[in-house]
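Scroll down for the structure; my scribbles are underneath it.
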Amino acid sequence: MSFSIIKTAGSTSDNLGKSIAGITLASDFLVFIDIAAIIVLLITKVIKIDVRPLKLKVNLLVELLALSLMGLNLLMAQKDRSGLLTRTFDNNYIVKYLGINEYAIYDGYKTAQTNAQMAKANVSDLRSVREYLKSNYVKPNPAYNGVAKGKNVLVIHLESFQQFLIGYKWKGKEVTPNLNKIYHQKDTISFDNFFNQVGQGKTSDAEMMLENSLFGLQTGSAMSTYGTSNTFESAPAILHQQAGYTTAVMHGGAGSFWNRDNAYKSFGYQYFMPLSFYKNKPGYYIGYGLKDNIFFDQSIKYIERLPQPFYLKMITVTNHYPYNLDKKNQSIDKTNTGDETVDGYVQTAHYLDQAIGELMRWMKKTGLDKKTLLVFYGDHYGISGNHHKASAELLKKDSFSDFDNLQFQRVPLMFHMKGLKGGINHTYGGEIDVLQTLLNLLGIKDKDTIQFGYDLLSKDAPQIVAQRNGDFITPEYSKVGSDYYYTKTGERIKPDKKLKAKLTAVSNKVTTQLSLSDRVIDGNLLRFYRPKWFTKVKPKDYDYNKAASLKKLFDDPSKTSLWYQNHKKSTQKDFKTDAPELKK
């Protein structure tokens with residue numbers, strides 16, 4: 001566990017104990033067996049402590065031997081995993097190659113270094129960032145520019161939702177029939193080669209990329225570590241300033257999780273409605289928040305009051321590890337891989353899909369669907385790389401390799417709007433690219449912003465998908481650790497000199513993109529720069545207190561809300577749910 005994670009543990013504490021308990025095995029405690037054995041042997045006096053001091057020469061020899069072994073270990077690690085410490089691909093590699101004690105020292109050093117970076121950063125540090133972005137600029141697709149101009153934007157966060165679930169059947173039953181329908185509709189742009197790019201920050205990394213087109217950190221969570229103090233040029237601020245959008249986030253979980261209650265102020269969100277805005281009766285809450293259909297049901301009274309156009313993000317949580325669901329809400333059987341973590345996944349995904357269906361029917365009933373661009377995205381994997389055997393069974397594969405796991409990082413991305421020229425798009429991209437794609441659809445220019453993504457609909461999209469640990473995926477090649485593969489076949493590559501140079505160039509581009517994004521966040525470089533049209537966000541201008549927020553929302557004088565357009569009547573009765581908890 002890194003110092004960054006420890007430092008931000010307070011913002012991720014809600015239900016964290018259950019998750020830790022879920023991944024802890026009884027055998028894990030065997031790591032302490034040597035300590036217990038020594039204590040017993042000392043108590044029973046089988047062994048005794050010799051208090052006589054060793055000779056100086058012996059002490060020096062022991063220290064020299066220890067340092068030599070450590071140095072040898074580091075050299076072997078560097079040979080096997082080039083750039084292990086200089087590029088910090090993944091903390092797991094450092095622990096694997098060097099050991100937990102060395103990792104703790106290294107991580108402590110990196111944490112102190114990060115703090116120093118912010119103190120030393122100055123405006124000149126932006127030069128290389130801006131030069132990189134200028135030289136790598138990709139023109140958005142003009143055919144899609146402004147096709148959703150003036151529309152509401154409703155972003156549906158599909159928690160832990162992987163692409164393989166689209167179209168997946170279990171015992172002849174579709175796991176996600178509603179999302180399947182949306183995915184294949186003619187007015188949906190769906191991406192089948194869209195990857196999550198998160199690191200340790202998981203969901204918060206996904207949000208950082210979608211809102212800012214900046215990567216999460218190498219270690220810890222950028223939202224937790226820097227969300228309170230840093231300056232951002234985020235989607236909600238851009239949409240509000242450029243096009244008069246009302247901006248809001250609704251979430252049935254704790255507001256402090258991932259430091260959202262502070263980070264959203266830095267992003268420029270006008271409203272944030274976490275769990276404290278919702279009724280939480282017995283049976284309403286599971287895992288990390290309100291059950292999705294209860295969350296949607298209770299959100300109607302807030303959605304209908306938002307002045308249009310609005311930019312609204314709704315964060316679902318029921319499809320979250322450890323994928324538990326009470327029996328009365330189960331409407332599909334568990335899978336039978338024998339892996340307890342994996343087998344409940346289809347049940348919670350099916351439940352999420354049912355909730356999506358209920359929300360879509362309400363939107364159609366109220367006519368909101370004709371005024372709204374819906375964005376569906378999966379934030380990160382649901383089944384981790386620790387479950388190769390179960391993953392192989394789910395996918396009906398004979399085996400499941402590290403290459404397969406990289407390809408398994410696909411998550412859904414769908415833009416759905418009445419009249420949109422849709423279809424399944426095969427472009428390779430990731431979460432870093434969503435903001436540019438969205439802004440082009442809305443007709444909002446952002447060429448002079450500090451953002452690292454590209455319009456996924458552009459014919460010139462580079463299609464290099466960086467992973468936070470330095471791995472990458474392109475239509476031709478994939479990199480996993482120090483190995484390269486052909487993306488289409490999974491065949492391991494033994495490159496000749498020419499191909500090796502090409503692969504190294506792609507790898508270097510990925511490293512550059514990640515390191516420059518890190519420089520922006522670690523150094524808080526956006527405090528030194530803003531586009532001429534952008535007004536710096538002042539977090540103190542935002543108040544997420546429930547009473548103050550609701551008064552502001554319900555007293556809003558504008559006449560553009562759904563509630564006002566419905567003759568000042570609520571549309572709550574138009575939301576129909578099968579939630580057993582809400583049946584009278």
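Placed from the backbone N, Cα and C atoms, the Cβ positions cover glycine too.
Unlike curated entries, TrEMBL annotations are predicted automatically.
The transmembrane segment feature in TrEMBL is assigned to 20-44 (among others).
Residues or ranges marked as transmembrane segment by TrEMBL: 56-76 (among others). Counting same-chain residues at least six beyond the ends of the transmembrane segment (56-76), those with a Cβ under 8 angstroms from any Cβ of the stretch are 97-99, 102.
Taken residue by residue with DSSP, GLU159 (Mn(2+) binding site) is part of neither helix nor strand, so it is coil. Annotated Mn(2+) binding site per TrEMBL: GLU159, THR203, ASP379, HIS380, in sequence order.
Sequence-distant neighbours of THR203 (Mn(2+) binding site) (same chain, six or more apart, CB under 8 Å from its CB) are HIS157, GLU159, TRP258, ILE315, ASP379, HIS380, listed in sequence order. The active site annotation in TrEMBL covers THR203.
In the three-state DSSP assignment, the secondary structure recorded for HIS320 (substrate binding site) is coil. Here the Cβ of HIS320 (substrate binding site) has 21 other Cβ atoms within 10 Å, regardless of which shown protein chain they belong to. The annotation substrate binding site is assigned in TrEMBL to HIS320.
Same-chain neighbours of the Mn(2+) site beyond GLU159, THR203, ASP379, HIS380, judged by a C-beta within 8 angstroms of the site's C-beta center, are, in sequence order, HIS157, LEU158, SER160, PHE161, ASN196, VAL198, LYS202, ALA206, HIS320, GLY378. Within 10 Å of the C-beta of HIS380 (Mn(2+) binding site) we count 21 further C-beta atoms, all protein chains included.
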